[in-house]
């Protein structure tokens with residue numbers, strides 16, 4: 001018990017003290033965490049560069065490998081290269097012409113005239129690391145993934161811009177003014193906090209239909225544009241700005257709109273940045289609502305395209321994995337650059 | 001430049017009355033200081049004039065024009081805030097130019113005005129800095145500069161010196177006085193510090209609990225306070241206010257003060273014997289008397305030596321502690337008994353309501 | 001936190017502190033997304049000035065609130081009303097006026113059960129499968145989540161090197177989309193996947209994880225915890241770091257044993273944050289859909305069918321779109337979420353105290 005408590009104990013010792021076994025246990029735990037959290041993602045990335053045949057291998061290899069192929073004079077197609085153990089015990093690199101039952105007919109690329117017959121358990125493929133980049137280029141060319149990508153980008157950018165604009169306006173109204181109905185408006189915002197789209201899926205679908213937006217990207221953008229979380233976050237931040245600044249601007253003959261965009265907005269930039277990053281994340285990753293409202297392939301976002309892709313083409317893992325990496329990459333990039341900012345931002349605002 | 005007139009200005013926040021009907025006129029070019037303890041309504045009064053708060057009743061006129069319901073941005077006044085309220089994301093130059101841009105002045109005019117104000121306030125080298133890269137005194141000057149460039153009808157100051165350290169406060173106070181002399185604008189200045197009020201004002205308005213207690217030139221207030229509150233508020237150290245009972249009022253007023261009886265050579269309006277009054281006497285108007293010639297014997301509690309003068313805090317049975325200001329350095333020790341005299345011309349008398357009894 | 005960001009992020013700082021790289025990148029990112037916004041703000045200036053002249057400064061707050069509330073009205077308040085209408089009407093039509101009133105029939109149908117403990121005895125057994133699956137899922141998911149997050153936060157709160165890095169590692173999956181998360185794990189867990197390779201190399205037999213109902217539920221919970229624990233760890237870590245260090249120093253001066261410090265100081269002071277974590281993860285857990293949907297498709301059979309998947313499929317994916325039934329189920333789910341949200345507000349208030 002004491003040992004466990006020590007392991008979990010609060011930080012109290014300064015640096016430079018000798019390592020206790022609990023420190024080692026902590027680092028072991030954290031190292032395990034690194035493997036468990038990063039490992040699957042790395043595995044995905046490695047796998048996404050494997051050829052279709054390499055993906056079917058069991059047990060799988062870690063690195064994307066491909067069998068070396070050689071062109072042999074007198075043979076129409078490139079042949080796979082093997083390391084064969086010959087009956088005399090010598091080992092030679094041979095290309096396989098064809099396989100008949102348990103025996104492979106093989107040829108030495110150096111001497112194209114000489115053929116060998118080798119039992120198939122006496123040969124091993126010669127492999128080298130090879131990135132199957134066609135996993136990426138093919139679906140972007142063949143399928144509509146480029147379209148999905150641009151749809152997702154459009155939704156993310158436009159929705160975030162709208163969210164920033166209208167949420168900051170509402171937050172400014174609630175933070176700076178006293179007016180009739182302010183309490184009611186605040187309560188209404190709190191109320192919407194309790195209504196996730198899950199609950200109103202069907203009627204929102206009706207509203208979107210009535211607005212003639214089904215199967216349009218605007219159907220994805222508009223319903224989630226006014227976020228109560230965003231209004232609250234910005235309002236809380238604006239409340240910390242000194243009232244004097246606003247009154248000084250008023251004395252300086254600024255109109256209310258000017259006070260909003262020339263004084264308050266620039267000073268709210270840190271909170272706006274938090275909201276922007278979260279909005280980008282929400283929109284890029286959004287799934288249920290687009291799934292319900294987008295039924296035509298040409299308006300699919302990346303997430304929907306990905307989900308549909310795995311349904312249709314269960315076996316085409318090589319494309320699916322590559323497209324998963326494409327979907328994940330922007331988020332990972334954002335995270336690498338803004339990691340500290342995001343984690344501290346979440347820690348202090350408690351939003352996600 | 002403009003004059004200002006308030007008539008019956010009231011302000012209530014919910015059920016709480018903050019201003020109870022203020023009547024006041026400020027003349028063109030005058031420097032008027034609102035002074036009073038915290039919560040007296042002086043800041044609210046300033047904000048009502050600014051238009052940041054609207055009066056609940058009454059009227060506000062600027063330059064003879066009724067502006068009672070005009071919002072702050074349309075009144076043409078400039079204000080220096082206690083916190084300075086500099087826009088943190090703008091440079092000094094942009095801070096000063098902001099209002100001029102809102103007025104849609106031509107660019108050249110804006111630049112010229114900002115340049116002139118910056119020269120006047122020794123800010124030329126700091127025009128490209130943001131406020132957080134300035135010292136407290138510099139920020140203060142930027143706040144003033146932001147008001148100057150506007151060439152406003154009236155300058156409003158809301159405790160502008162309270163965030164400065166003591167030395168800087170004295171220096172800036174002098175600069176403000178010089179600035180007023182140079183610009184000649186109408187200025188209204190709020191402070192809780194009566195020294196600032198005394199040194200800066202053409203006229204002081206003393207406020208208490210939302211009402212004007214007295215309006216007048218600094219020395220008038222000092223010499224002839226209208227009531228015990230003003231008497232106690234203006235002047236440092238405070239005037240001694242001592243409870244006394246009238247023994248007789250026949251040509252000379254005779255009062256019982258503690259265990260002693262003192263005569264006050266003032267003709268008064270026939271106070272009835274036995275009625276209570278308050279006797280006010282400033283610390284510098286009490287003098288040590290030769291042995292046997294004192295009106296009152298005091299026991300020294302504490303002596304504060306300030307070098308050029310000494311403050312003596314002394315007691316007498318039945319009276320609150322009395323403060324004396326003695327020139328030079330005092331050799332009095334704690335526990336010593338000192339006979340004192342009140343300078344007869346400087347005795348103030350207040351009735352039970354605190355109002356000053358008229359002097360001859 | 002440890003990296004000198006004890007002040008809230010980006011709060012205007014008083015000093016002329018060095019701008020950290022993350023802030024620079026943050027500002028760039030915000031600038032990029034904010035560019036159209038900034039442009040809109042500037043373009044609207046003359047219009048808004050005219051509006052203010054027209055209606056007076058006193059009515060401007062309504063102008064500021066207007067756009068946001070149009071959206072709220074269209075996509076939240078109005079739908080709540082329509083949802084209620086849907087739930088008391090029947091038929092396949094989408095437009096409320098074309099739907100015949102059926103009273104509480106939809107609710108009665110949903111709740112028509114032989115025994116509420118046995119989903120197969122219900123007429124709408126899929127709904128009750130969803131309810132019981134969601135209950136099991138939430139129970140295990142929240143329990144595991146809280147324990148793992150707490151353990152990780154306590155370890156991260158120790159004086160370790162590279163805390164920022166480890167914190168980021170645990171947090172990283174939070175940003176991934178549910179679809180991506182599900183596909184990553186589906187790839188690992190498939191028949192010839194990495195995990196089965198590991199099992200066979202240790203001499204075991206391949207396991208068909210998505211064919212066995214218990215394994216499917218296990219992995220649904222596991223993947224969900226994997227994806228979200230970083231978020232809750234951050235909340236708890238922030239709570240731990242808010243505990244003043246002089247409390248620990250005082251306890252040390254009193255020669256308090258470490259386990260007693262943990263039980264009597266750390267955990268009680270962390271309790272408000274724990275409540276927040278529990279309630280938040282409950283609210284999110286009840287709404288679980290996408291990860292599990294992509295990972296298992298709700299299967300095998302209905303072994304991992306969640307309530308939200310039931311609603312989605314009833315309304316949109318089934319041959320016969322039954323909007324009324326889906327709406328009734330939404331109302332039921334909404335009531336549960338409402339209760340949980342009230343609990344959350346109470347918990348937040350407790351935390352503020």
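Any Cβ shown, glycine's included, is placed from N, Cα and C.
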Candidate ranges A:128-152, A:153-177 [criterion: TrEMBL lists as transmembrane segment]: A:153-177
TrEMBL annotation of transmembrane segment - which of the ranges A:91-114, A:259-282 it falls on: A:259-282
Selected stretch (most C-beta pairs under 8 A with the transmembrane segment (A:153-177)) from A:27-46, A:184-205, A:259-282, A:317-338: A:259-282
Positions whose Cβ lies under 8 angstroms from the transmembrane segment (A:27-46), at least six residues beyond its ends: 62-64, 321, 324-325, 328, 332
Distal contacts, the transmembrane segment (A:184-205) - CB-CB under 8 A, six or more residues away: 170, 173-174, 214, 223-224, 226, 228-229, 231-232, 288-289, 292-293
Spatial neighbours of the transmembrane segment (A:259-282) far in sequence, C-beta under 8 Å, 6+ residues away: 156, 159-160, 163-164, 167-169, 172, 176, 224, 227, 229-230, 233-234, 236-238, 241, 245-246, 249-250, 331, 334, 338, 341-342, 345, 349, 351-352
